[in-house]
Amino acid sequence: MRITARAWGKINLHLGVGPAREDGYHELVTVFQTIDLAETITLTTLEDELVEEGSVVRQLTVTGPRGVPTTPDNLAWRAVDALVGRRREHDRTPLPAVELHIDKGIPVAGGMAGGSADAAAALRAVDAWIGPFGEETLLEVAAELGSDVPFCLLGGTKLGTGRGEQLVDMLSRGTYHWALVVSPKGLSTPEVFAKFDEMSLPSSMDVTPMSQALLDGSAGALAEVLENDLAPAALSLRPDLRKTQLAGLRAGALATMVSGSGPTIALLCDDAQSARDVADALMDEGVGLSVHPATSPVPGPAKNRGAHIVSIESE
């Protein structure tokens with residue numbers, strides 16, 4: 001059997017960061033939206049090899065950028081093991097071994113949840129293979145895997161609280177166009193949060209202006225309320241990113257912000273053509289490692305706005 005699943009990347013339109021909690025995480029208030037950059041996972045069962053215990057994953061391969069782990073610490077691999085573990089709690093029947101392949105369409109280490117999208121797509125694939133587990137179980141496992149995985153599982157436009165894993169739908173009337181500038185050098189998320197704490201930065205926990213802008217639906221309204229509490233910390237660690245922001249504004253972007261904990265710079269544009277023009281201008285200037293035009297939220301039927309099954313083939 002071969003099962004293919006897909007999940008989208010994300011952008012944080014608002015990221016409010018509260019103080020660190022006892023568990024080491026920060027309290028977040030964030031507004032997620034899917035972007036039309038996707039990860040595609042293919043799970044292939046090896047019917048002639050049955051596994052009674054331990055990981056069912058025999059191999060993980062990747063098409064796309066270098067630097068993606070192909071070992072058991074990969075989030076997609078962990079997602080498969082986690083859901084198989086849930087099944088073994090009530091059914092110890094041996095399962096076929098599997099091979100995983102990831103076709104990456106989201107830049108690596110860019111703050112757009114590529115790894116979390118891999119995990120979400122893997123959860124959907126395993127659910128189609130040996131499920132159904134139910135949405136509650138899938139979301140529970142997703143939250144155990146990472147703070148962004150539940151959103152990547154559901155997609156759309158969501159208000160996230162807690163670590164970002166507690167999700168509520170938000171109404172969004174607009175379609176937004178971006179040029180996403182990927183940096184050639186990564187930025188450690190723990191380092192950014194540590195710098196945030198060190199700088200004693202204020203927290204933006206009120207999403208009322210963002211909610212109103214999303215109801216308005218215009219790019220101009222959204223440009224006025226984009227907020228990321230981690231931006232000063234990220235820019236302190238990587239001052240060169242300010243040059244990217246300025247280059248984007250010169251090229252015609254309406255607004256600019258650090259995406260998540262960085263280092264990707266998100267440039268909000270008037271429309272799809274403007275996003276392409278800004279991306280072309282920045283690529284001509286040699287700004288960043290790559291520049292990706294993107295749209296948010298992902299259009300289409302509700303069932304495809306989050307992680308979803310693309311195809312199931314029986315060999």
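Including glycine, each Cβ sits where the backbone N, Cα and C put it.
For Lys10, Asp148, the entry in Swiss-Prot reads active site, with the evidence type sequence analysis. According to Swiss-Prot, the ATP binding site annotation covers Pro107, Val108, Ala109, Gly110, Gly111, Met112, Ala113, Gly114, Gly115, Ser116, Ala117, on the basis of sequence analysis. Swiss-Prot lists 292-315 with the feature region 'Disordered'.
Annotated features, which come from Swiss-Prot, shown on the structure.
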residue	record	DSSP class
Lys10	active site	strand
Pro107	ATP binding site	coil
Ala113	ATP binding site	coil
Asp148	active site	coil
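Nonlocal intrachain contacts for the region 'Disordered' (292-315), taken as residues 6+ away from its ends with a CB within less than 8 angstroms of a stretch CB, comprise 1-9, 11, 33-37, 40, 47, 107, 117, 120-121, 123-125, 128, 152-157, 172, 175-180, 182, 272, 275-276, 279. In this structure, Pro107 is the one among the binding-site residues Pro107, Gly111, Gly115 with the smallest number of other Cβ atoms inside 10 Å of its Cβ. Taking every protein chain shown into account, Lys10, Ala109, Ala113, Ala117, Asp148 are the recorded positions, and of these the Cβ with the most other Cβ atoms within 10 Å belongs to Ala117. The closest partner of Lys10 (active site) among the binding-site residues, by CA position, is Ala113; the full candidate set was Gly111, Ala113, Ala117. The binding-site residues close to Asp148 (active site), defined as a CA atom within 10 A of its CA, are Ala113 out of Pro107, Ala109, Ala113. The ATP site is set by Pro107, Val108, Ala109, Gly110, Gly111, Met112, Ala113, Gly114, Gly115, Ser116, Ala117; from the centre of their CB atoms, other residues of the chain with a CB within 8 Å are Gly9, Ile106. According to DSSP, the region 'Disordered' (292-315) comprises 3 helix, 11 strand, 10 coil.
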